[in-house]
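**Student:** So Swiss-Prot lists the following for this protein:
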BINDING   Asn80, Met109, Tyr139, His175, Ser195, Arg196, Gly197, Asp236, Ser237, Leu238, Arg239, Glu275, Tyr302  substrate binding site
BINDING   His279, His343  Zn(2+) binding site
BINDING   Cys423, Cys426, Cys431  [4Fe-4S] cluster binding site
Amino acid sequence: MRASWVANRQGKSNVSQLHFARQGMITEEMAYVANRENLPESLVMEEVARGRMIIPANINHLNLEPMAIGIASKCKVNANIGASPNASDVGEELKKLELAVKYGADTVMDLSTGGVNLDEVRTAIINASPVPIGTVPVYQALESVHGSIEKLSEEDFLHIIEKHCQQGVDYQTIHAGLLIEHLPKVKGRLTGIVSRGGGILAQWMLYHHKQNPLFSRFDDICEIFKRYDCSFSLGDSLRPGCLHDASDEAQLAELKTLGQLTKRAWAHDIQVMVEGPGHVPMDQIEFNVRKQMEDCSEAPFYVLGPLVTDIAPGYDHITSAIGAAMAGWYGTAMLCYVTPKEHLGLPNPEDVREGLIAYKIAAHAADIARHRSGARDRDDELSKARYAFDWNKQFELSLDPERARQYHDETLPADIYKQAEFCSMCGPKHCPMQTKITDKDLDDLEDVIKSKDASKINL
């Protein structure tokens, strides 16, 4: 779809959506997003130019269907997939991608760390994906030197970052905000550093006694990104890994640096979103969102969860969806899903489905709470179908039609029950929706009430 759009951009020094928006140009990607979001094209261009919206759209990802991440657009959901040294293969990851797209993932991150040819997996995912693909390049940088921190050079990082851009990655998590002077602030935490990328860079700095290479070479990364329109997802290496560590000095020190890096990227006309926690008590979620908006000049916020309790392994898609709904309500632009396997193991395709549906619910609830245009239309249509006992339409309008139909049919599988005015919960005689009290009935009742002494009818 995008081949003709990007043909005349190849070879230019800066092909980012932000660069074009600041020149007053409405690109094909901006127009496409405006149509998807039911927003004026001029507003999309203005939000991109301001940095409050990004359109992750690498010029080498030709089958991409452009989408927007920002407070003016609907709240988005990312799904993580990826192979590990202990499990998965290319076919398994493509199956996860297919399921993620089927159940509404707006973007997908390939977090493969080993066990497969990382370039082969990534290329296959990009070629098969209509949604933006994100990566964390430090994983492959470490893998390229066989896990040897002492052999990992600044040039190794830059080489892998450009390779990902060349392959068509739309956004990359760059852990540039973790500075060597931040590391002592981790003392006293219960769970230390829980970011894999942040952990790699912390080890690198501790071994070499040098500043984070992603920070010191940040301008070089910008020069790479602008040639491909790869967006920054500025990683939060010091995100809290438990409630005890939330909103601590280490997290907030890094956030301040992420705000500075946001402005440096914008100076190069590079699109930026900023990643956030993590594990956060419910009463601190609003503070975290407001603080990010303040420190990062309203660049889109992209949070992992956050989990609002630490005691539910196996159910962390629920503990985190609670926090995600709140974060979305307060203005977070994209939610990174958490699966039931979080903290326990590598997700399988069914875990991907469970996590994604939980997060689509959270994002949709946030859109309703923020009164986004048309956000509640589907809810109202489903409610009408429910009141009319139109079971098939209820299934069709559900976020997960297969699950809704499955649960209904467990007790009433025959087709005749798709027209029945009851389900197995209340049975044929006790469903309150059978009452069908009409507006005319209520109008007539009002007339009766007005015509009688209120005391006689116990009002």
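Glycine is no exception: its Cβ is also placed from the backbone N, Cα and C atoms.
Show me how these features fit into the shown structure, please.
**Tutor:** Around Ser195 (substrate binding site), the same-chain residues six or more apart in sequence whose CB sits under 8 Å from its CB are His175, Gly235, Asp236, Ser237, Leu238, Arg239, listed in sequence order.
Its Cβ taken as reference, His343 (Zn(2+) binding site) is surrounded by 13 other Cβ atoms within 10 Å in the chains shown.
Counting every protein chain shown, the number of other Cβ atoms lying within 10 Å of the Cβ of Cys431 ([4Fe-4S] cluster binding site) is 15.
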**Student:** For the binding-site residues Asn80, Ser237, which Cβ has the most other Cβ atoms within 10 Å, all shown protein chains included?
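**Tutor:** That would be Ser237, with the highest Cβ count within 10 Å.
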**Student:** Can you tell me how far the Cα of Gly197 (substrate binding site) sits from the Cα of Cys431 ([4Fe-4S] cluster binding site), in Å?
**Tutor:** 54
**Student:** Here are some binding-site residues: Cys423, Cys426. Which one has the most Cβ atoms within 10 Å of its Cβ?
**Tutor:** Cys423
**Student:** Would you count the other C-beta atoms found within 10 angstroms of the C-beta of Tyr302 (substrate binding site) for me?
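**Tutor:** Result for Tyr302 (substrate binding site): 28 other Cβ atoms within 10 Å.
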**Student:** If the [4Fe-4S] cluster site is taken as the center of the Cβ atoms of Cys423, Cys426, Cys431, which further residues of that chain fall within 8 Å of it by their Cβ?
**Tutor:** Phe422, Ser424, Met425, Gly427, Pro428, His430, Met433, Gln434
